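Scroll down for the structure; my scribbles are underneath it.
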Amino acid sequence: MPLKHIKWITGFITALLILPIAIGLVGTLLPAFHYFPPLGEYGFSVSPWINVFSQGEFYAGLKLTLITGIGAPILALWLALSLLAWGYQRPFFKKIEALLSPILAIPHAAIAIGLLFLLSPSGWLVRLFSPWLTGFERPPNWITVQDPYGASLIFALIIKEMPYLLFVMLAAMKSIQARESIHACQALGYSRFTLWRKVLIPQLYPIIRLPIFIVVAFSLTVVDLALVIGPNTPSTLAVTLFRWFNDPDLTMRYTASAGAIALMITIAMVLGGWELAHRAFSAATRCERSNGKRRGASDTLLGAGVIIGLITLVSAFTALILLPFWSLAKRWRFPDTLPSQWTWVNIERAAPLLMELSANTLIIALFATVIACGISLLMLETKRHQQKSSTNHEQQHAFDWLIYVPILLPQIGFLFGLHVLLIYLNLNGDLCAIIALHLMYVLPYVYLTLKGPYLAYNEDYLLQANRLNHRPWRHYISVKLAMLKPALFTAFAMGFSVSIAQYLPTLIAGEGRYSTLTTEAVAQAASGDRKQVGSMAMLQALFPVMVFWLAQIIPSRWTTWRLATKKRIIKAFTKKDKTCSA
Amino acid sequence: MLRVNAFSLSSNDKTLIQNLSFSIADGHVLSIMGPSGIGKSSLLNFLSGTLSPSLTVSGEAFLNDIALHTQPTETRKVGLLQQMPLLFPHMSIIENLLFALPDKTRKPDRLPLAHDALKRLGMTDKANALPKDLSGGQQARVALLRTLLSQPDYLLLDEPFSKLDPALRRDVRAFVLAEIRQANIPALLVTHDSDDAKAMEGECLELSIVKF
């Protein structure tokens with residue numbers, strides 16, 4: 001990009017990134033101390049904190065949040081590492097790798113709804129074994145989903161997080177020369193799992209630390225997933241806060257804001273504790289790593305992780321496959337494994353609603369992602385200029401850490417703080433506001449997906465193009481961006497799926513005036529109308545998978561298609577000429 | 001005629017080239033040889049106007065007595081050929097050639113000109129092929145013709161033969177020399193290979209490390 005005034009642009013984008021974060025934080029912090037001009041409160045006091053700490057719900061919620069928010073990442077990390085150690089560079093593992101991106105693309109609410117269909121007492125798993133094995137003629141009186149311990153929530157979180165971690169690890173493997181290490185260790189007689197634990201995982205962990213932190217922060221603060229499959233009364237802290245923020249009694253907002261600050265502090269403390277635990281663990285195991293033992297008890301642990309990991313992956317797929325079953329079922333009585341009668345009527349009846357929801361979802365996703373792609377390109381171009389002019393290539397750019405802040409902060413609280421700003425700007429309930437909030441969460445993923453390929457681009461092509469024919473802007477698009485098509489399309493697909501999954505940003509900025517597939521599916525998940533919820537979740541899953549699929553096939557075939565079309569047009573013209581002259 | 005006057009180059013207070021002067025007549029190739037790291041590529045960057053700001057240079061360059069070193073890259077009309085042919089992978093061969101034709105070329109002339117170039121290469125059947133379908137030697141030739149179609153006033157060659165296998169190298173060298181003679185522009189070749197220099201049938205300058 002032939003940019004001028006790089007410093008100004010960098011400053012402007014930095015301000016653009018910081019501003020919403022700062023306002024969101026201030027907008028949460030001030031009400032937490034009872035300062036809230038919109039309600040005419042100008043005095044500071046600590047009463048919101050006293051309120052929070054006197055609520056039994058706060059402690060119960062915090063306990064559940066800590067159990068699910070720490071348990072899920074640890075388990076997901078264990079399973080992902082086990083699967084990686086077991087399958088890395090084995091031929092069949094390529095197939096599992098190929099399955100990762102659809103699971104990654106699918107909004108977590110859709111997976112949670114699928115799990116609900118699979119695991120609930122009247123779900124498919126019980127049906128599969130009833131009545132021939134279990135003897136159940138009607139659904140058992142068990143609590144399998146939304147259990148008070150958060151086990152089903154942990155399971156849902158693992159299904160979402162394990163593929164993500166696996167994906168990140170596979171990308172990181174390239175930078176640690178894993179193949180050489182594996183060969184060297186195998187030659188020394190180390191078992192596969194032991195060599196992974198002693199040699200590769202210690203190298204891998206520092207590279208994937210940040211993605212792990214994102215996963216931890218997500219687990220501690222997730223709202224939509226917890227609403228669908230998490231425990232209620234008491235629910236996790238994030239869900240409790242969500243209820244308080246939406247309380248008709250507006251003074252609950254102060255308590256909720258204080259709770260949101262408490263949740264932020266919790267995240268910081270858990271992440272700090274996580275890092276300390278990691279350091280202590282690696283210090284404690286350092287000597288053990290070089291004790292020369294070729295196999296050990298950890299082999300069993302990783303082996304068990306493989307089995308559980310595979311079961312998790314299979315349940316994720318079964319859950320997804322179940323979504324269309326429900327939307328096409330006419331009659332599906334309890335112990336039947338499959339619907340006894342099929343119909344399109346459910347979908348036909350829901351069609352107007354589904355069309356409206358899909359239109360909203362797609363418009364928001366499209367705008368947010370296209371804008372995010374534009375901003376990412378601008379950011380990466382300024383970063384490239386800075387890298388070129390400085391001798392220290394490893395220098396961290398402000399963007400590189402700033403971009404993570406919105407993902408690490410809890411949406412709950414933070415977004416309500418921003419909502420106050422939207423009210424001031426008279427943008428509350430506006431489509432632009434929804435797109436802007438989506439942009440905040442889409443941008444980091446688009447930027448991070450695009451970063452590697454963009455900075456690795458061989459700039460000589462662009463320089464040569466401009467030497468041949470000096471048109472910097474045009475060539476930036478027709479040469480550089482055209483050559484980066486695969487990366488651009490993947491980044492777009494990534495942003496698109498992130499946008500479709502957003503629940504709180506849509507709800508808070510839209511104030512319920514704009515519903516998307518996600519907000520409606522989450523709202524109705526508990527309604528019991530499985531046929532309608534199934535249709536919504538199915539569409540919600542379908543769009544990202546389709547966009548990912550298109551992003552895979554279009555760039556590699558684009559040039560061939562373009563040339564073939566051109567040839568056909570030329571042929572048509574010459575034929576016409578001939579007939580004219582004849 | 002391309003003329004360089006008293007060119008000196010230093011990086012981090014270390015002098016690499018001192019007081020280099022030469023001139024190249026139209027249709028001739030001057031070869032410059034020397035160990036790597038001596039600043040050969042920086043000399044080319046100086047002439048093409050893309051020198052990295054971390055280097056300090058002094059000296060002048062003139063093309064037909066018009067100062068070059070004071071102009072920005074885009075007005076210099078420089079042709080540069082590097083190790084990599086840098087054909088745009090998403091464009092067909094004919095599109096790559098059309099890309100280089102100057103704006104002022106009349107529209108009905110554009111396609112015939114590009115096709116003429118292909119005919120000179122003996123590759124008329126490859127017009128709609130993609131660069132990846134061509135052999136390394138063919139790519140190198142297309143890259144040279146593409147550069148020449150942009151009608152540069154002088155040509156810089158940065159080890160353009162080093163990636164080719166030896167059998168091909170001879171053919172491509174002869175092709176390059178013939179094309180430069182036909183275009184009748186001065187050319188500067190930077191190389192490691194003394195055979196390259198010999199094949200260009202022109203003067204050869206050996207750069208060596210500056211000693212104090």
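From the backbone N, Cα and C atoms, a Cβ is placed for every residue, glycine too.
Here is what TrEMBL says about this protein:
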type     : residues  : note
DOMAIN   : A:58-273  : domain 'ABC transmembrane type-1'
DOMAIN   : A:358-551 : domain 'ABC transmembrane type-1'
TRANSMEM : A:12-36   : transmembrane segment
TRANSMEM : A:64-86   : transmembrane segment
TRANSMEM : A:98-119  : transmembrane segment
TRANSMEM : A:149-172 : transmembrane segment
TRANSMEM : A:207-230 : transmembrane segment
TRANSMEM : A:250-271 : transmembrane segment
TRANSMEM : A:301-326 : transmembrane segment
TRANSMEM : A:362-380 : transmembrane segment
TRANSMEM : A:401-425 : transmembrane segment
TRANSMEM : A:431-450 : transmembrane segment
TRANSMEM : A:481-504 : transmembrane segment
TRANSMEM : A:537-558 : transmembrane segment
Practice item. Report, as numbers and ranges, which residues of the same chain sit near the transmembrane segment (A:401-425): CB under 8 Å and 6 or more residues beyond its ends. Key: 14, 17-18, 20-21, 23-29, 31, 38, 210, 213-214, 217-218, 220-221, 223, 238, 241-242, 245, 253, 256-257, 259-261, 263-264, 267, 433, 437, 440-441, 443-444, 447-448, 504-505, 508-509
**Study point:** Stretch-level contact, the transmembrane segment (A:98-119) and the transmembrane segment (A:149-172), CB cutoff 8 A, at least 3 pairs
**Key:** yes
Review point. So which of A:149-172, A:301-326, A:362-380, A:481-504, A:537-558 is most in touch with the transmembrane segment (A:207-230), counting Cβ pairs under 8 Å?
Key: A:149-172
Study note, to complete from the structure: Tertiary contacts of the transmembrane segment (A:301-326), defined by C-beta under 8 angstroms and 6+ residue spacing from its ends, are 78-83, 85-86, 96, 99, 103, 106, 110-111, 113-115, 117-118, 124, 155, 158-159, 162-163, 193, 196-197, 332, 338-339, 530-531, 533-535, 537-538, 541
